[in-house]
Structures are given as C-alpha cells and as structure tokens.
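A.B. asks: Here it is, the structure in full.
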Amino acid sequence: MGAQLSTLSHVVLSPVWFIYSLFMKLFQRSTPAITLENPDIKYPLRLIDKEVISPDTRRFRFALPSPQHILGLPIGQHIYLSTRIDGNLVIRPYTPVSSDDDKGFVDLVVKVYFKDTHPKFPAGGKMSQYLENMKIGDTIEFRGPNGLLVYQGKGKFAIRADKKSNPVVRTVKSVGMIAGGTGITPMLQVIRAVLKDPNDHTVCYLLFANQSEKDILLRPELEELRNEHSARFKLWYTVDKAPDAWDYSQGFVNEEMIRDHLPTPGEEPLILMCGPPPMIQFACLPNLERVGHPKERCFTF
C-alpha cells in the first residue's frame, strides 16, 4: 500500500514539478543576472576586444561574468575604473556606450591622452594610456552604479542634489544637451534610452562641441540615430577649427548656438551638460542664463 501511495504521489507531483521547473527557467531567463550588484564592490572584468576608432580613440569591450549577465547600470549613471599605476591607485569615471540590454559584454569608448602630445600635460592621461596598453585577457576593476541622475523613461528624470539627498523627479517634454569631447557618452546613453521606446515622446536636442571635425566621437552612431528619429532627435555640431564647406557652427558654445539649437526656456526643458570644466563654467552656464534657462533646470554630469 505504501509503495502504491509513493508511486501515485510521484505520478501526481511529476507534472506539477515539471510546470514549476519550466516556470522558474522562464522567469530566470526573463530577469538577466546583474553584474553591478553592489556599488561598493569592485568587479574585475576581462578585456576581450579593442577597436581603433581614430588615432587617439579606442572602443574597449569587456566580458561580463557570463553571457547571460547585463551590466546593471541605470540610464544616466556611470561606472568607475580603478587600478594601480606606478604603485598609486588611479580611479576614473566612464559611461558605457553599449546598452544595458546587451548581455555578456560592456563597451567603453575612450580618448587616449598620449604623453608628450599636450604641452600642459606632458605625462598624458594615466588611465587612458593604461587602457591602451592592456592586452586581451587582462582585467580591470569596475565599480558602480554611480551618479546623481537617473532617467526613468517617458521624460522623467530623478535627480539628487548630492549622494545623501532624496531624488526629485522632473518630467519634461524636451531635453537640451551640451557635450564637449568625451562628454558625449552620458548623452548618448540617455538619447538611446529615449529613442528605443516608441511610447517615449521626449525630444532630445544635442549641441556637440569638439576641437575639430576629426575629433567628433561616435559621429556615425549619432547621425544614424538622427536619420532614423529626425522628429525626436536634433543634432548640431560646433568645432574650434572648421574645414572648408562645414555645414555646422564654428567656435566655442555661445548664446546664439543655444538659442538656435536647444529648446526654448518656455518649453521648460531639462538642460544636461558634460564636458571640460572650463567649457561648462565659462561657455555653457553664462550663456544658458542669458538665454533664460534657470539654474534649477540645468544639470552637469
């Protein structure tokens, strides 16, 4: 009798267990594993590919712990890379250019500041040169997420004044962005998040400043997005040294460029900025104020 009950329970429970197991597998597949589980822990990631984009710009691809992992970086946040160089701990912030939907890898686009190329910085960039010299298979430590802004979708930005503050959520219909050089990476992260959602009607305006046309990072990606989403993404460049037949602006970011290529103050947009501190301090903020954009609607990464 006991054997019969055992057999019967096995027959009854087997389909139930099968359904439960199938459900758990489907659930696990629908929620990918997150790499950056704790912002206070450093995660060593392995370099698996390096692409030369220009003489001084590289795209570095790092493997996540498994092909099923995502990085786990909220839109608007960044990571820190840390390593020891000549016995000293060096830490630098970077924003990935890959999507957080990408599984198994994370991409960083980095401008390499080589030694003896800039008279004010003869030693060059410590971290960028370290990355340049990394070999495939080498590891470096990632830590994050970090940052004071998170894009929640459909025009909603959660912004904190500092790390200890509670976030204030602002909902906008348009976003003005001013980027300089490598400051394009957090902007691209937000732009992609907006444009990949057909139900997000936020309009992004990007004013992108560089020294020369050849210095424009991620130009193919930006122009592809503009061509595919011309109603929701407006793109404008300015360069210090313009080539012949240049169709965009020349010179530092000024009041006229902001008036012509960013949303008006009347639209109550959020203005995002990322670039060299002198550009933010002397070109962006004073001219935004002249145009009428209040400081409380301006955020610097």
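Just so it is clear, glycine is given a Cβ too, placed from its N, Cα and C backbone atoms.
This is the feature table in Swiss-Prot:
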BINDING   ARG92, PRO93, TYR94, VAL109, LYS111, PHE114, LYS126, MET127, SER128, THR185  FAD binding site
DOMAIN    40-152  domain 'FAD-binding FR-type'
LIPID     GLY2  N-myristoyl glycine
MOD_RES   LYS42  N6-acetyllysine
MOD_RES   TYR43  phosphotyrosine
MOD_RES   LYS50  N6-acetyllysine
MOD_RES   LYS120  N6-acetyllysine
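Quick one: where do these features end up spatially?
C.D. replies: Close to TYR94 (FAD binding site) in the fold, though at least 6 residues off in sequence, lie HIS78, ILE79, TYR80, LEU81, LEU108, VAL110, THR185, each with a CB less than 8 Å from its CB.
Under the DSSP three-state reduction, LYS42 (N6-acetyllysine) is assigned to coil, being neither helix nor strand. Using a 10 Å Cβ-Cβ cutoff, LYS42 (N6-acetyllysine) registers 15 neighbours.
Applying an 8 A CB threshold to same-chain residues 6+ apart, the list for TYR43 (phosphotyrosine) reads THR35, LEU36, PRO65, GLU141, PHE142, ARG143.
A simple way to gauge crowding: the CB of LYS50 (N6-acetyllysine) has 14 other CB atoms within 10 angstroms, across all the protein chains here.
Close to LYS120 (N6-acetyllysine) in the fold, though at least 6 residues off in sequence, lies no residue with a CB less than 8 Å from its CB. In the three-state DSSP scheme, LYS120 (N6-acetyllysine) is classed as coil.
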A.B. asks: Whole-number Å only: compute the distance from the Cα of LYS126 (FAD binding site) to the Cα of LYS42 (N6-acetyllysine).
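C.D. replies: Cα of LYS126 (FAD binding site) to Cα of LYS42 (N6-acetyllysine) measures 19 Å after rounding.
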A.B. asks: Do me a favour and check the Cα-Cα span between LYS42 (N6-acetyllysine) and LYS50 (N6-acetyllysine); whole Å is fine.
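C.D. replies: Cα to Cα, LYS42 (N6-acetyllysine) and LYS50 (N6-acetyllysine) are separated by 22 Å.
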A.B. asks: Measuring Cα to Cα, tell me the gap between LYS111 (FAD binding site) and LYS50 (N6-acetyllysine) in whole angstrom.
C.D. replies: 13
